[in-house]
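Lifted from TrEMBL, the feature list:
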{"type": "DOMAIN", "residues": "124-259", "note": "domain 'THH1/TOM1/TOM3'"}
{"type": "TRANSMEM", "residues": "29-49", "note": "transmembrane segment"}
{"type": "TRANSMEM", "residues": "65-83", "note": "transmembrane segment"}
{"type": "TRANSMEM", "residues": "104-125", "note": "transmembrane segment"}
{"type": "TRANSMEM", "residues": "145-167", "note": "transmembrane segment"}
{"type": "TRANSMEM", "residues": "188-209", "note": "transmembrane segment"}
{"type": "TRANSMEM", "residues": "225-243", "note": "transmembrane segment"}
């Protein structure tokens, strides 16, 4: 039994190494990621246009900003993965790091609190400046630990406030279909976002201390595929699907934008 398990692990390890070292599979996986990010970006843009056409008089509501950020974040991710081999060759290395990190910062902003966004931007710029002047390994590790800590705070924030909102809504009568749907929306979005940022936190911790878990290199395409599917593509797709409902037309019922 032990020999069979060892054989399976060895075969899986060989397959993993073969995939990572294959330029063909690198290109296939990166173009697949680019297509998926591009699709989500297009869906977010279409949804933004539909909402703007439905209720243009309310300006930039939170819902519109959410879809705009989703469009920009996933669009940039798509472009980066289309030119991923070229991005890896950019010099100085700090510019390469900015191209790879900025979409992650923007994605974090889309789902996290505005104050947390400004804090992350501020400290990340400081870390980039330190890396520019003295790109030592310790600074790179601190940068990744910072991302992990910010992701953990976001996960706890969604768990705390999403959970509180869900419990509060449960106390009210939910006999109407609309209220039941809103309760389910809050529960689904809270679970998805908490899981997404928790996985991101765990992965960034491994990334900081284990070179085999580094997602910012060309020879880990399978890891890139798993990571971005779990922490960005799948959560974005599910949240866009859950929040797909358009606000009612003006005149049928009074629409109050979410601020």
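Even glycines carry a Cβ here, placed using N, Cα and C.
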* Sequence-remote contacts (6 or more beyond its ends) of the transmembrane segment (65-83), Cβ cut-off under 8 Å? -> 30-31, 33-35, 37-38, 40-41, 44-45, 47-48, 51, 99-100, 102-103, 106-107, 109-110, 228, 232, 236, 240, 243
* Any contact, the transmembrane segment (29-49) to the transmembrane segment (188-209), with at least 3 Cβ pairs under 8 A -> no
